[in-house]
């Protein structure tokens, strides 16, 4: 199915519902570009009747997780959980990212979340332009899906908050990298921490800046 670029937020989901789709699963991942930590993926099945009854003050918070503050995500997550038929968050570890590559590790996290669904999906909505390989059912990729689709946005929010929580806990073990602020992204403080202290077990050794550092200290 081709997604019209002129669609407004929620239009695709409304069209799918009108066409008879009932179990619409939104999927998104967080942490793909990080230098440290696992990648997280979430899937969300929304009760759209409940969703569209929300006040605009809540609806406007179900959007791209990167555009929300931590406090905004904390505020909207209980709402998402309440209007969800199901929601699941899974991850792929740093070791899996290193052995499989980030693309396949991402798909593995998505599959793990999907396998937890007790409802049989009628269709998947995935953020971006890459379909889930070896999935036999219907799926649609949506560029800027976390802006255009409520289910993808909800998955984005759940995945980000779960991953950020994990990385803030890791900051207690590895305070030298400023993980509580950068959550694994390659900020100046993060890179300065690597220069001063080396890398830690949750750094992704197959990512270019980390691989470059490892090569620089090799005998």
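Each residue's number is its place along the chain shown, starting with 1.
Positions of Cβ are set from backbone N, Cα and C atoms, glycine also.
For the divalent metal cation site, TrEMBL gives 28, 29; the one candidate out of 127, 164, 178 that the record lists there too is 127. Counting every protein chain shown, the number of other Cβ atoms lying within 10 Å of the Cβ of residue 28 (divalent metal cation binding site) is 30. On its own chain, residue 127 (divalent metal cation binding site) has 27, 28, 29, 141, 142, 144, 145, 146, 149, 152, 155, 156 as residues at least 6 apart in sequence with a Cβ closer than 8 Å to its own Cβ.
Per-residue pLDDT, averaged along the domain 'RNase H type-2' (22-219), amounts to 97 for this model. Residue environment of residue 29 (divalent metal cation binding site) contains 27 other Cβ atoms, counted within 10 Å of its Cβ in all protein chains.
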